[in-house]
């Protein structure tokens, strides 16, 4: 599996309140949530984002609330991957569970800049910045999580285990 | 090698003799909880896996975020979980009027107890660590899986040990201590880890203090926060729950990533400045600044809406009136607390001082309703997050504080030292 897109760059501690503010949480409709993605940190995001685009951020991405609406709105808005130095743990679980690819890679998080065109090979964990011609290697997922992702998320994994 | 308290609880729930940090396990769940934001979203996911919940005594639903329903969509969401609770015959469904904020009502109603493995589709589920339980927040897919299967995968966390000594000063409570700690280690200082609180100083902390501290473990990125079970915990459990509970203790040779020592007698009233719970400033530092004028005060929430918090705020507000430029919302966290406030005459004190007293709800904490802020406004809030736009407009500012600081600030009109206002 591969991803290719342009980068939206953010800093440390991008919290789930700015990814999808609570005022929109009276709905869990994915399209509706996607129309408000990143509303309180980057109001232009929803107008600019193209299918395949990539979010790159620094430490503790997705901190705060447990709302699964956060990774869901990003995925539905077209985001193909989030690269960060570190992720907050609930966001990390939620992203895997709904099938939004995420990669921890401090070097890429520091070096890649807004607007760069980036290619990601999820099988090898290779991150290639086409704009700068630089390459990075993301942290591979533990085996159990690879199994979970390969099964198509937690629901399918759970159902396959019961059969 | 020895295990931490958290690791022991997880090992027991995974049916293993021992676990080590980083190990992936599947653990049995004692309580699976969701609210009116995460619950409705979980139902269609749950139905892909099961028709019936794994145990009707262990799946808990609490409509508390947008209740009393703030709009039609919220009403539809509440209706969905109400009907689900009825169809499934859930033992624990907390309807408004008999309920409260989830993390206040679950311990109060005896739904959660020491030694349990608990998940909630709300990040502040870590609150129940105050009772000596492993308790953590998860998302919607995880909660739907927990509702269906009664078990879930976890990565066994490593831990940071916090050794608390000494006795906190008169106007210092759990809120000041936890903001002080987050200020020290940072908002990702405990990322993926347990915060295990130990030390002689714990005996000087009320259960309310411990709930407040465990509640905000997530604000340091922690998977859970946990307190040992002592006489105060046992007393609380005896008063509130009929459940059998199990007391776990960390092994003496348990391995910790780091040890942080906190002398509680040195902690000052502490406020978290915008926009992170780790932007800690002591009241002395604040008093040395230009006064920070405020527009709103919120006293309540899963962090500080308990009876002790109401008493502390009332003791300061008694005989005073709220500053003319400030709006104050007092929100007792449960109906039982609300009634006790009536009995003790606290509601009269709040109303006489000029506070709005609201029905139990998460309300303004996440900018839901009952106190949303406009651009440029500043709020002193006893809640747990001060992120950009958390309580309303992106240009509003939130200062997290204890009930004492919040009450003193309500009177002064700026962030104030409760030691200077004094109580009666």
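Glycine too: its Cβ is placed from the backbone N, Cα and C atoms.
Note: TrEMBL annotation is automatic and uncurated.
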Next item on the list: For the [4Fe-4S] cluster site that TrEMBL lists with B:362, B:365, give the additional residue from the candidates B:126, B:302, B:341.
Entry: B:302
Checklist line | All-chain count of other Cβ atoms within 10 Å of residue B:365 ([4Fe-4S] cluster binding site) | finding: 28
Note to self: Sequence gap of 6 or more, Cβ distance under 8 Å: name the residues on the same chain that satisfy this around residue B:302 ([4Fe-4S] cluster binding site), in order along the sequence.
What the structure shows: B:101, B:102, B:103, B:104, B:124, B:127, B:215, B:333, B:362, B:365, B:384
Next item on the list: Please report the number of other Cβ atoms within 10 Å of the Cβ of residue B:362 ([4Fe-4S] cluster binding site).
Entry: 31
Next item on the list: Other than B:302, B:362, B:365, which residues of the same chain sit close to [4Fe-4S] cluster? List them in sequence order, counting a residue when its Cβ is within 8 Å of the Cβ centroid of the site.
Entry: B:64, B:65, B:101, B:103, B:124, B:300, B:301, B:303, B:305, B:361, B:363, B:366, B:383, B:384
